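> So that we are looking at the same thing, I have put the structure below in structure tokens.
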Amino acid sequence: MLVSHVFLLTLSLSVPSLGQYEHWPYYPEYQGPPEPPPTQPKIVPQIHVRLAGEKRKHNEGRVEVYYEGEWGTVCDDDFSMYAAHIVCRELGYQEAVSWSPSSKYGKGEGRIWLDNVNCNGRERSIASCSSNGWGVTDCKHSEDVGVQCSDRRIPGFKVSNELPGHLEGLNIQVEDVRIRPILSAYRKRVPVTEGFAEVKVQGSWRQVCNTQWSSKNSRVVCGMFGFPSEKKYNTKVYKMFSSRRKHTYWQFSANCTGNEPHLSSCKVGGVLSPDPKTNQTCSDGAPAVVSCTPGRAFAPSPGTGFRKAFRQEQPLVRLRGGANVGEGRVEVLKNGEWGTVCDDKWNLVTASVICRELGFGSAKEALVGAQLGQGMGQIHMSEIQCNGFEKSLTDCKFNIHSQGCNHEEDAAVRCNVPAMGFENQVRLSGGRHPTEGRVEVLMERNGTLRWGTVCSETWGTMEAMIVCRQLGLGFASHAFQETWYWQGDINADDVVMSGVKCSGTEMSLAHCRHDGANVNCPRGGGRFAAGVSCVETAPDLVLNAALVEQTTYLEDRPMFMLQCAHEEQCLASSADRTSPTTGYRRLLRFSSQIHNNGQADFRPKTGRHAWIWHDCHRHYHSMEVFTHYDLLTLNGTKVAEGHKASFCLEDSECEADIQKQYVCANFGEQGITVGCWDLYRHDIDCQWVDITDVAPGDYFFQIIINPNQEVAESDYTNNIMKCRCRYDGQRIWMYNCHIGGSYSTETEEKFEHFSGLLNNQLSTR
């Protein structure tokens, strides 16, 4: 029997008297350090911690603490790595990497809550560490402390950004909530959409009485389990079923308004007194039933029981840059152009409107500070205020002006999604860490479910990304075609899946195209079985389209000045027949500026030992294919292409306060840092397309970054830039340059037929 669960949670409730209401604060439980925790003080105030300030990554920032209804900072006096570890663990990271004094991440505002913090490293909260006391300090905000946490998350840790209440009185703990399917039609259904609402108290599951249960309560529970709304159910069937069973009821009731992101945010409806005659807590009622409506991506379909791939069909709102289904940076469509949302006043209620609009449940995290990467283009909405019942984010109140906002404040969300059980159909075996290993899948062969390996012949980054998504481990950092160094399960050595090819939208590896039962793997499994390595964050490369449009020009260059480029095959094949003394080549030249807007540095796939030295450029190239430069006819036929042999990756320039890390000279480390860009100027060798043989006409000019997807990115849709191009034999006009995915389909089609031009004259050098 299938049962929907949520992760362990603790609810602290206050019930002063029957008929009065109090809010339920929410305490996420997570795995603490391996050492046994010390004896906690009798009273440890409930706080929330966040990383704020001038930061570039989600796992670093100024430490801020929410206490007594107000956010405040922590002074750097006596702060240590022990304290940094506590802060990071409290936020769900396994450990701290470093801490920074003297307001490295900017000066905070308001109170300085803690000073002279002294931790031993085993506390569960910074509130348990010794200090001068709350608000007792002689510090200034120039001494605000910051931390950088490890990328690795604590397994199973769930974040709630609901602010805690301030309660006194009776302490009641609820350990878990579930929907338990009762009718046979729902017991084998995936996902579980209907059943009794039950809570776990002191290790035992108990039903919730329906005498004070409402559809608003059901809406909240459905949202917790990844469903956008509740629906009616057959009350007669459940009444008949309930009368035949003895039930153990929870002695409390809940009173939700319907817009809460979690049952823990609802109010306590009162204590249910037992009937004096029957001694039953719910003698006049029955167990509360919850029936949910799944979103499009999770609705049952004939033959499979679920959709094979998640395809975003919502025309007004989308999520970008997330590792998993139901998470990402929020983008909205306005006047045909996609733009982001500023995180001012961003909260779970507003985030839940987006999640439900996209067919998911309520929001489990409302993320601020571009935690899932920075977007591009306009910021369309700011200071959004929703009541939680809107059909679309555009129905909420918001400020159309975004003064003071920038893409460092892009809002993001993680939604509750239905439990499909996909994570139980694949595993990683033999790796040094839980995030890497040989891929083993559970497949039906000859009527029996068995574990086996995946043939690596067609294995690449996109397939590895699906595995990491399926396991909830983030993005793929590497896709391995040899795994002899990982000793997997000896009983799973046989190849059970081959010919795997994924598009990137699938929710599990089984949804990708593959050979099915007709496994064909000439190279065999064993050392050639597929493997992956997963990471929580990924880079995101975006080309500056405006710069390409502004710097494009034609140059007639003599062949004797192109000797090095000719040797590197940067010219069209007809250059082999061109006179080296009197001939020339017509070059379409331009500058390209490639930004890393993601959450991790972009690093070449190959190690330093495989880099190639280029005499002409006098440095090593780390990627053989980093970009494609193509000139296409209007029907997509390629008529000319750039032949830039390979690339050296470095930080040409960076945003303010970001240090360059990568440089090509002197065999330096190569890559592109988050917040930096690599500039290829129009006047360097091979930064062109040889159009000597191209006839006059209208064309598309296209640039694709990381075309073979050798390096994993959080978003590949923005790796393509396309321009309209008109060439009359002597002059060229480049116009309507834009990044893939930045406009609606309708607007994209208009661009392809728009005739606005920029005049770029012929240059002779």
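Just so you know, glycine gets a Cβ as well, placed from its N, Cα and C.
According to Swiss-Prot, the protein carries these features:
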- ASP540, LEU541, GLU713, ASP715, ASN718, ASN719: Ca(2+) binding site (BINDING)
- HIS617, HIS619, HIS621: Cu cation binding site (BINDING)
- 49-150: domain 'SRCR 1' (DOMAIN)
- 179-293: domain 'SRCR 2' (DOMAIN)
- 317-416: domain 'SRCR 3' (DOMAIN)
- 426-535: domain 'SRCR 4' (DOMAIN)
- ASN279: N-linked glycosylation site (CARBOHYD)
- ASN446: N-linked glycosylation site (CARBOHYD)
- ASN635: N-linked glycosylation site (CARBOHYD)
- TYR680: 2',4',5'-topaquinone (MOD_RES)
- 539-742: region 'Lysyl-oxidase like' (REGION)
- 1-19: signal peptide (SIGNAL)
> Here's one to test understanding: among the binding-site residues ASP540, GLU713, ASN718, whose C-alpha is closest in space to the C-alpha of ASN635 (N-linked glycosylation site)?
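Of all the candidates listed, ASN718 is nearest in space.
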> Are there residues of the same chain, six or more positions away from ASP540 (Ca(2+) binding site), whose CB falls under 8 angstroms from its CB, and which are they?
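GLY321, GLY373, ASN596, ASN597, GLY598, GLN599, GLU713, SER714, ASP715, ASN718 - these are the non-local Cβ neighbours of ASP540 (Ca(2+) binding site), listed in sequence order.
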> For each of GLU713, ASP715, count the other CB atoms within 10 A of its CB; which of these binding-site residues has the top count?
GLU713
> Whole-number answer please: how many Å between the C-alpha atoms of LEU541 (Ca(2+) binding site) and TYR680 (2',4',5'-topaquinone)?
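Cα-Cα distance, LEU541 (Ca(2+) binding site) to TYR680 (2',4',5'-topaquinone): 14 Å.
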> Of the residues in the domain 'SRCR 4' (426-535), how many are helix, strand and coil by DSSP?
19 helix, 41 strand, 50 coil
> Could you give the Cα-Cα distance between ASN446 (N-linked glycosylation site) and ASN719 (Ca(2+) binding site), in whole Å?
43
> Please work out the mean pLDDT for the residues of the domain 'SRCR 4' (426-535).
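PLDDT averaged over the stretch: 91.
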> Given the recorded positions ASN446, ASN718, and counting only Cβ atoms in the protein chains shown, which has the most within 10 Å of its Cβ?
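Highest number of other Cβ atoms within 10 Å: ASN718.
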> Report the same-chain neighbours of TYR680 (2',4',5'-topaquinone): residues 6+ apart in sequence with Cβ closer than 8 Å to its Cβ, ordered by sequence.
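Once residues fewer than 6 apart are set aside, TYR680 (2',4',5'-topaquinone) is near SER591, SER592, GLN593, ILE594, GLN687.
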> In which DSSP state, out of helix, strand and coil, do we find TYR680 (2',4',5'-topaquinone)?
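For TYR680 (2',4',5'-topaquinone) - judged by DSSP and reduced to three states - the answer is strand.
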> Could you tally the C-beta atoms, other than its own, that fall within 10 angstroms of the C-beta of ASN719 (Ca(2+) binding site)?
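If we count other Cβ atoms within 10 Å of ASN719 (Ca(2+) binding site), we arrive at 22.
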> Which of the three DSSP states, helix, strand or coil, fits LEU541 (Ca(2+) binding site)?
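DSSP assigns LEU541 (Ca(2+) binding site) to strand.
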